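Presented below is the structure to which this report refers.
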Amino acid sequence: MSQDKVSNQVTTTLHPSDEEATVKYNGFDGEDSVQISDSKSEKDEKRSASTISEDEIEKTFTVDDAVEALGFGPFQMKLAALTGIVWMADAMEMTILAVILPALKCEWNISSFEQAMMTTIVFCGMMLSSTFWGNICDKHGRKKGLTCSAVMTFVMGSLCAISPNYYVLLILRGLTGFGVGGVPQCVTLFAEFLPIAHRAKCVLLIEAFWSFGTAFEAMLALLVMEPLGWRYLLFFSSMPLLIYCVCCFWLPESARYQVTCGDFDGAYKTLAKVAYENGRSLPQGRLINKTASGETTESTQQMGSIADLFVKDLRVTTILLWFIWCAISFIYYGLVLFTTVLYQSDDQCHGGSTLGNDTAMAVCRHLDKEDYFDILYTTLAEFPGIIVTAVVIELLGRKKTMGAEFGVFAIFTFLLFFCLQRRTVTIFIFVARAFIAGCFQCAYVYTPEVYPTTLRAVGLGTASGMARLGAILTPFISQVGAEVSVYIPIGVYGSVAVTGLIASFLLPIETKGRKMRVIRFEILKFDLNNCLYEH
């Protein structure tokens, strides 16, 4: 090491403001020694890197720090409204199946199996596309994936209204389902802008759009079906997605996603937009990416794959979550379809009747106004379900809340075994639907929280895909099975709810009060003499 080199290095490090300094260089025993004195001071000062004041250390902050500092405000409300419209449209596309099937049975003389296939094909499309959209969102951004999904759903949903026959409608509904498979990513995008204290309640806020969508579809059916028919209902049901497509230019990209991809400038601009709209200030310093162990990095983190969901620390959680999502969807959509089946029947003892070819189930019967009102009443049950969930989820935590709601659903479902009047049946279905809807919302809160940023979209996408598997199977229980005996759907749905209760309590991680994780594991790299050390 030369004297000039040492002098230049030390002067640059300790005197960045070009203050005058005296550098003395001594070499002894093969080692270099450097002494520095300030010519402006009469006393010599010895200073090392360990004694640099905190003011001289560069300030930094993470996305978590920024999100907490910016709080909940107008930005999150706008984001909730925009993503909520997409969520509402998803609910309408699902609810419409139960409403139009009786009309299709009369117009095209389709069998119960063909009715079940019309429902199943939608969920097949959703299941096949859930992982696809999850990967798109993890690799190309939440905004791009969600927007492409919404556009496809709008186009295919609108084309359904002009279907000339059953088979064309079947194909178009399947393609609509493929588009709908990406809609759950709106929850991922919304959750990544929420402070810890508001996360659960705010995710439930956007979930309220689902309940509003189901109720709005029931009201729309009440107004449109009798005077105009099912084709107009299909067309009007796609309009919320048109609103989203017009307004999506405002939708921001996830700052967490941008940081994880190494786009720190883009992430900073996104957070600055949040700060401006909320009337807050960003933390001072430079934006960094901090891992769970406290390591900081400015490099791009590798985005996760399905295989990463089964690493040691996530394997049990993933398996249990997949079962829970499948169970919730199987029960929820089954109850939606089964409600229409019960109201189509003339039998007053729904818990003990055997429905054969000589019953009202086997002939063409349009739903009347009383049927639509009863469907509307049961869809309104989802609002109290969300309110109860919003309160209980912060008291009991995510796991216990899901388990308790599975249990309440099972109780009121098993009560349908008894011979009951129509009003009593409506009340029991109201309560059961309220709690299974709340359970669904709780799963949407828990899943984005339990997975790190690199796996969040693919984790939610695969869980949503498993939910579609349950929805694919349920029409053959709620519609085809009901023709044999209504005991079949009642017994099956109640039993599955009990297993869901057990699975919820077996989840190894409680996410209440936890920060959203950035990456699953840390990779430390040191480039020393062209040698790479990894841990």
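From the backbone N, Cα and C atoms, a Cβ is placed for every residue, glycine too.
Please treat TrEMBL annotations as automatic predictions, because they have not gone through curation.
The shown structure was predicted, so the numbers you read here are calculated from the model rather than taken from an experiment.
Taken from TrEMBL, the feature compositional bias 'Polar residues' covers 1-15. The region 'Disordered' annotation in TrEMBL covers 1-52. The compositional bias 'Basic and acidic residues' annotation in TrEMBL covers 39-48. According to TrEMBL, the feature transmembrane segment maps to 79-104, 116-134, 146-164, 170-191, 203-224, 230-251, 319-343, 375-396, 403-421, 427-446, 458-478, 484-507. As annotated by TrEMBL, domain 'Major facilitator superfamily (MFS) profile' applies to 79-512.
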Contact call for the transmembrane segment (458-478) and the transmembrane segment (170-191): at least 3 Cβ pairs under 8 Å, seq gap 6+: yes
Segment proximity, the transmembrane segment (79-104) to the transmembrane segment (403-421), 3 or more C-beta pairs under 8 Å: no
Among 146-164, 203-224, 319-343, 375-396, stretch most in contact with the transmembrane segment (484-507) (C-beta, under 8 angstroms): 319-343
Intrachain residues whose Cβ lies under 8 Å of the transmembrane segment (319-343), provided they are six or more past its termini: 94-95, 97-99, 101-102, 119, 123, 214, 350, 361, 367, 371, 374-375, 378, 402, 406, 409, 413, 425, 429, 432-433, 436-437, 439-440, 443, 446-447, 450, 462-464, 466-471, 473-475, 477-479, 482, 486, 489, 492-493, 496-497, 499-500, 503-504, 506-507
Close approaches to the transmembrane segment (375-396) from elsewhere in its chain (Cβ under 8 angstroms; 6 or more beyond its ends): 95, 98-99, 200-201, 204, 207-208, 210-211, 214-215, 217-219, 221-222, 339-340, 343, 367, 404-405, 426, 429-431, 433-439, 441-442, 445, 512
Any contact, the transmembrane segment (203-224) to the transmembrane segment (230-251), with at least 3 Cβ pairs under 8 A: yes
Overall pLDDT of the domain 'Major facilitator superfamily (MFS) profile' (79-512), taken as the mean: 83
Segment proximity, the transmembrane segment (146-164) to the transmembrane segment (230-251), 3 or more C-beta pairs under 8 Å: yes
Spatial neighbours of the transmembrane segment (427-446) far in sequence, C-beta under 8 Å, 6+ residues away: 184, 187, 199-200, 203-204, 207, 210-211, 321, 324-325, 328-329, 331-332, 335-336, 339, 342, 377-382, 384-386, 388-389, 393, 398-399, 401-402, 405-406, 408-409, 412-413, 415-416, 420, 463, 497, 500, 507, 511
